[in-house]
Amino acid sequence: MKHVLKGDGRLGHDLDPQDRAPQDACGVFGVWAPGEDVSKLTYYGLYALQHRGQESAGIAVSEGSRILVYKDMGLVAQVFDESVLGTLRGHLAIGHCRYSTTGSSVWENAQPTLSSSDGGGLALAHNGNLINTPDLMARLPSGATRATTDTEVLTSLLARDPGTSIEDAAADLLPEVKGAYSLVFMDEKTLYAARDPQGIRPLVLGRLDRGWVVASETAALDIVGAVFTREIEPGELLTIDERGVRSRRFALAEPKGCLFEYVYLARPDTTIAGRGVQATRVEVGRKLAREHPVEADLVIPTPESGTPAAIGYAQESGIPYGQGLVKNSYVGRTFIQPSQTIRQLGIRLKLNPLREVIAGKRLIVVDDSIVRGNTQRAIVKMLREAGATEVHVRISSPPVSWPCFYGIDFATKAELIAGSLEVEQIRESIGADSLGFISLDGLTEATTLPAERLCRACFDGSYPIPIDRDNVGKFVLEAKA
Ligand code: SF4
């Protein structure tokens, strides 16, 4: 039988593969629930978190004496089927869907990672990106690992000492780990969860009738029928077993949640710090209308990420809201390389204008962010060709001018259009009649959190955890090897 390679999911939800939207650094899920089908709960949890990573997926499960891991490249629904899930039996499980931020997108780097020592096994799943990985690697005996990811290094360090419990090992190690990490990990009997002292990436705890769930977003709790209990605190380590949930603090909390989760990364039906993401995005649209008003006939979103802010803009401005672009959500999920002719269609593969809605109208197009500008340039051109008389672009985030080192794979500063151009130059470059970005203060206010509790570094260059540029980068371990 011919072996068919699975795709790497790199043609995810981007409208233009050459102008990729910011990519998240994974979704994590964990469940401790004797008597439940934990691998299926994890599968559905990962399904709800698929937007956070589309390159690979994996589940680790244990029935009390042995950890089994199954992982592969591709989307959750491509990696798992009924027969695979049927072999993953136990009372606790963790799962992961990956977008690579440290280490290449290859099978070996898919998660959960697994380490076994005399003391037993340890499986670990990580959302975020560490910024002192080479320092951590140096703590391992030479030759102990051929790890190319920050997550493998962490797994090896946690599992190393058979004389120390995993809980104590984590409490000792985590204060030394720098960067963003929302972790779920497990040995044969116990589920653990931990969040970095800044709480950059989200992580929440939920309750099932017969157990507990930990997940990157509240939307993943909803899908498995778990009731939201609370957020895992920055600097907190949870241990979950038959004795219940135990909390241990390994560092003082210095909350700096990622502002970009509100803009784009998190699902609209997720709640962060008590505030629904959809409500925040609609409010950003209202503020955008106040900050950048313009006379027009119709407000349309770039589907789907621009939709909530476009609704807010229309509500505040009184200009009708409409659907001017239709998105084919499925075409980009193919793993067939497009032919040259198809590739030249570019964004038209994914978006098609509704001519009868657009023709003769002055349009306001609302999008969530501008990375390189290619997508917006193509959209403006497409709308003009469909008969729009004016195209005004409004963006529900401030200009992204700085790279992220905490788990979001933006382009480099040189590739970010706002890294070198002013707003008027960007307007000219994308060919819009006018261009307006929400202010950083406006976006921050919409979250209802004070600025000091947020990471806003990709917008203002102020990094809450100091960066040593020699020790960061996607291929930092591969380069040093
Ligand atoms: S730099 Fe931007 S994307 Fe990265 S954690 Fe901070 S706010 Fe989020």
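Quick reminder: no glycine exception, Cβ is built from N, Cα and C everywhere.
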Q.
Record says D367, D368 bind Mg(2+). Source is TrEMBL. Which of S305, S434, S439, S462 does it list for that same site?
A. S305
Q) Ranking the recorded positions C26, C258, C404, C455, C458 by other Cβ atoms within 10 Å, which is at the bottom? A) C404
Q: May I ask which of the recorded positions C26, C258, S305, D367, D368 have a CB within less than 6 Å of any atom of ligand 1, listed in sequence order?
A: C258
Q) Nearest to C404 ([4Fe-4S] cluster binding site) by Cα, among C26, D367, D368 (recorded positions)? A) C26
Q) Excluding C258, C404, C455, C458, which residues of the same chain place their Cβ within 8 Å of the centroid of the Cβ atoms of the recorded [4Fe-4S] cluster site? A) I200, L259, F260, Y406, I408, R456, A457
**Q.** S305 (Mg(2+) binding site) and C258 ([4Fe-4S] cluster binding site), distance between Cα atoms, whole Å
**A.** 18
